[in-house]
Amino acid sequence: MEILNYAFMQRALLAAVLVGITAPAIGIYLVQRRQALMGDGIGHVAMTGVGLGFLLSWSPVWMATLVSVLGAVLMELIRWYGKTRGDIALAMLFYGGMAGGVMFINLAPGGSNANLTSYLFGSLSTVSESDVTAICLLAAFVVLVTVGLRRQLFAVSQDEEFARVTGLPVRALNLLTAVTAAVTVTVAMRVVGLLLVSALMVVPVAAAQQLTRSFAATFAIAVALGVGATTGGTVTSYYQDVPPGATIVLLTIGAFIALSVLAAPLARRRARALAAAQPAADPAECKIPATRGAADEVGV
Amino acid sequence: MSDESVISLRGVRAELGSRPVLRGIDLTVRRGQVVALLGANGSGKSTAVRTVIGQVPVTDGEIELFGTPRRRFRDWARVGYVPQRTTAAGGVPATVTEVVSSGRLSRARFGVLRKADHEAVRRALDLVGMADRAKDSVNALSGGQHQRVLIARALAAEPDLLIMDEPMAGVDLASQEVLAETLRGQVAAGTTVLLVLHELGPLEPLIDRAVVLRDGCVLHDGPPPEAVGQHALPGHDHVHPHAPAGAEPIRTGLLS
């Protein structure tokens, strides 16, 4: 394993594993509440943070975290108070975030869109020592929330109205989900890039559901697929000289297709088992009487 | 039956998108009572129960739960709620047990379910006859079975008060009977029940009082209205006034 002899590859692999865990871990709740594209929206907003980081010469990772957390909270508040149509307001936030990023980075001394590219599509090999520290801290927060509060987040994402009647702090949990998603976006930014972050949040979950019946199993398989794809993509990019972000995303989509194909016979077998368990409850086929009498005539 | 009021609404008004839906509702449900909230579509009956649970904000009036103003009410484990069944399930598969377990969270500290909690979930599933489907995905269930799961979820916390929004809507006959039987057991054990219903149907024998709403006002509050003529017979035909002229009435096939 000569790949592990290089410090930059050690950092890259550590970052990849953490992203493989965190992105599907929060993504599953977004998919459950049918906000699969929220990660994409936050990714656009984070661009303004990266731009501001360059302009003010602060760490782009921490600046992106700050701005995307604010953006995610704003999205949640728009959803809550919903005066304007939700989707229009979100579109403004997405494109405003992207335009802001391009604007700020061009205003920054010596800045150009070239700086932005490493954040848009990821740049694993340039992950620095301080980036790794930031990624570790943020990933620990994401895991703590998504695993520690899994029952509460499940209940709120499954049925918000019911969750309120169990006395859960629904609004606080929604904000926490949004903030955690924003943190995950900035964790994944250096690995797969802002434009592909959402894929890693959604596709492993979609792939896992092809096989599963329970939320717990979906969570476990999605995280396993996420880690497999990020490490596999990182190693492949080292040997084959291909961009890691794109490789990782294509691997997850490959897993989705493979599992969909595998799942078809599995689903058929389950359906048969279910039918066998409930005999004669409802006949599988319609019965047509052999002879028709006058009573079957229908007036027109 | 004591005089302690479990739900109390006084002069409650509510708006949905600046359209007044409730125009000053008074409603009291006492301990052990089974009250049906009846009315046509748009009469405000669902909105009324949703103000009780705090899902719809009130613009005027007072709501009390177990004698505490709703704003300060925290003892949610005493309330079991069955929302109007929506066809949209979550975007991720979940088993029957996982869904019913979330009903126990109100009794669990920090969201940690102990052995007693898992047993309560199991009992709730037994009550609605879904214990054999505990490990199945809720997406694989029929409408009636899904409704039974939602009722088990409400029962998992072993509540003193059940609030149900149209529990019989779109439920097959077999499930309707299981639900009526479950409810009978709960009522016998002293649970207070507030039901939103489109028609009294198979639950009629259980109901102590009916409150009929029209245009956001209480029209009738007293014993359930007696069904007369053919309507008194179970399985009578439903003739829908908006059906195109000449259309056949919907035959339930139980009267012939």
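Any Cβ shown, glycine's included, is placed from N, Cα and C.
TrEMBL does not curate its annotations; it predicts them automatically.
Listed features, source TrEMBL:
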type: TRANSMEM; residues: A:12-30; note: transmembrane segment
type: TRANSMEM; residues: A:62-81; note: transmembrane segment
type: TRANSMEM; residues: A:88-112; note: transmembrane segment
type: TRANSMEM; residues: A:132-150; note: transmembrane segment
type: TRANSMEM; residues: A:162-181; note: transmembrane segment
type: TRANSMEM; residues: A:187-208; note: transmembrane segment
type: TRANSMEM; residues: A:215-239; note: transmembrane segment
type: TRANSMEM; residues: A:245-267; note: transmembrane segment
Should the transmembrane segment (A:245-267) and the transmembrane segment (A:132-150) be scored as in contact, given a threshold of at least 3 Cβ pairs under 8 Å and pairs 6 or more apart?
no
Contact between the transmembrane segment (A:132-150) and the transmembrane segment (A:88-112) (3 or more Cβ pairs under 8 Å, separation 6+):
no
Short question: most Cβ pairs under 8 Å with the transmembrane segment (A:12-30), which of A:62-81, A:88-112, A:162-181, A:187-208, A:215-239?
A:215-239
Using a Cβ distance cut-off of under 8 Å, indicate which of A:62-81, A:162-181, A:215-239 has the most pairs with the transmembrane segment (A:88-112).
A:62-81
